[in-house]
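*Asks:* One structure follows; several queries about it will come next.
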Amino acid sequence: MSKRDYYEVLGVNRDAGDDEIKKAYRKLAMKYHPDRNPDSKEAEEKFKEAKEAYEVLSDAQKKGAYDRYGHAGVDPSMGGGGGGQGFEGFADAFGDIFGDLFGGRGGGGGRSNVYRGADLRYNLEISLEEAARGAEKTIRIPTVEECGTCHGSGAKPGTQPKTCPTCGGAGQVRIQQGFFSIQQTCPKCHGTGRIIPDPCGDCGGAGRVKKQKTLEVKIPAGIDEGMRLRHSGHGEPGVNGGPPGDLYVEIHIRQHPVFERDHDDLHCEMPISFATAALGGEIEIPTLEGMARIKIPAETQSGKVFRLRGKGIKNVRSHTHGDLMCHVVVETPVNLTERQKELLREFEEVSKGDAERHNPKAKSWMDKVRDFFAT
């Protein structure tokens with residue numbers, strides 16, 4: 001007798017996702033499980049059929065072979081539908097469905113849960129110069145390591161952990177809830193399958209101790225605020241042989257007294273005197289490489305921006321550099337002597353006749369005023 005199509009068995013389309021397949025199987029398994037239908041041969045066959053279909057369609061490799069070649073593409077030894085092995089318990093039928101809820105897959109007694117270690121984050125503050133040029137920094141991070149006294153067993157030297165009497169070493173226990181026999185983490189050993197009657201005095205039975213670890217961090221030139229550097233394997237160690245987590249170093253750049261950063265560009269104010277702005281001249285300005293000279297043309301107005309190309313910050317992902325933007329600030333003189341005040345009064349007096357020619361913004365402003373009152 002030929003087998004029915006697995007998608008037809010579960011009542012799903014061929015493009016159904018994992019969640020839809022799992023939901024369909026769960027519905028059929030609850031309906032036809034032998035624990036609920038002890039005297040029904042038909043229910044037994046339908047349960048076996050649904051289970052076989054689910055074991056193929058829930059496995060990406062088997063599903064791919066089935067989609068290409070049909071039943072002939074699925075190795076019978078991997079199908080899991082043979083009747084000679086007997087039936088699993090109700091919770092075992094739903095092991096992968098309830099695994100996320102109750103800490104592990106059903107039917108896997110005796111296996112300790114393996115977990116990846118937690119990731120760590122370290123906030124590192126650096127100067128703008130260090131961000132621009134790159135740097136190497138030494139940091140100390142809190143971590144946990146295997147206890148050197150008990151070598152990770154958690155037991156006092158000369159003693160050994162014992163098999164948990166509650167779960168018999170399985171790490172999980174079954175709880176009957178109506179029709180369901182649910183498997184969950186053992187409350188006594190917390191899933192390890194062992195208990196420690198005589199804990200290690202240095203780690204308190206944890207098998208791990210807190211330490212400070214020194215690490216060299218290489219900061220690439222051009223790194224920006226909030227960027228993170230990943231150091232694989234420098235997080236907390238895994239559990240039961242699991243891989244360690246990662247360390248993420250998050251960069252924070254201190255405020256600079258002169259420069260403000262905008263991506264790869266730098267901005268700074270460039271104060272100049274009233275006379276230099278009017279007559280022109282040459283002044284020194286700071287850059288990250290040192291002082292540079294810049295020519296100020298006559299009649300320069302406050303707010304004008306001078307761009308120094310390539311004097312910004314190197315892009316962290318390329319060899320290009322940003323620019324340095326110098327914003328002119330014409331300073332009003334203060335603490336004037338009587339002679340200086342007298343000269344300014346003379347300048348004001350001789351400028352009265354053609355003030356608009358000497359003050360372009362004032363001329364523009366007066367034009368707006370005249371237009372306003374003319375309407």
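Placement of Cβ uses the backbone N, Cα and C atoms for every residue, glycine included.
Copying in the features that Swiss-Prot gives for the protein in this structure:
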- Cys147, Cys150, Cys200, Cys203: Zn(2+) 1 binding site (BINDING)
- Cys164, Cys167, Cys186, Cys189: Zn(2+) 2 binding site (BINDING)
- 5-70: domain 'J' (DOMAIN)
- 147-154: repeat 'CXXCXGXG motif' (REPEAT)
- 164-171: repeat 'CXXCXGXG motif' (REPEAT)
- 186-193: repeat 'CXXCXGXG motif' (REPEAT)
- 200-207: repeat 'CXXCXGXG motif' (REPEAT)
- 134-212: zinc finger (ZN_FING)
*Asks:* What residues in the same chain, six or more past the boundaries of the repeat 'CXXCXGXG motif' (147-154), come closer than 8 Å to it by Cβ-Cβ distance?
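*Replies:* For the repeat 'CXXCXGXG motif' (147-154), the list is 160-161, 196, 199-203, 205-209.
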*Asks:* Rank the binding-site residues Cys147, Cys186, Cys189 by the number of other Cβ atoms within 10 Å of each Cβ and report the first-ranked residue.
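*Replies:* Per the Cβ count, the most surrounded site is Cys189.
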*Asks:* Between Cys203 (Zn(2+) 1 binding site) and Cys189 (Zn(2+) 2 binding site), how many Å separate their Cα atoms?
*Replies:* 17
*Asks:* Provide the number of Cβ atoms within 10 Å of the Cβ of Cys203 (Zn(2+) 1 binding site), excluding the reference atom itself.
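*Replies:* Result for Cys203 (Zn(2+) 1 binding site): 22 neighbouring Cβ atoms inside 10 Å.
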*Asks:* Take the C-alpha atoms of Cys167 (Zn(2+) 2 binding site) and Cys147 (Zn(2+) 1 binding site) and report the distance between them in angstrom, rounded.
*Replies:* 26
*Asks:* Work out how many Å separate Cys186 (Zn(2+) 2 binding site) and Cys200 (Zn(2+) 1 binding site) at their Cα atoms, rounded off.
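*Replies:* So the alpha carbons of Cys186 (Zn(2+) 2 binding site) and Cys200 (Zn(2+) 1 binding site) sit roughly 22 Å from each other.
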*Asks:* State the Cα to Cα distance, in Å, between Cys150 (Zn(2+) 1 binding site) and Cys189 (Zn(2+) 2 binding site), rounded to an integer.
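*Replies:* Cα-Cα distance, Cys150 (Zn(2+) 1 binding site) to Cys189 (Zn(2+) 2 binding site): 18 Å.
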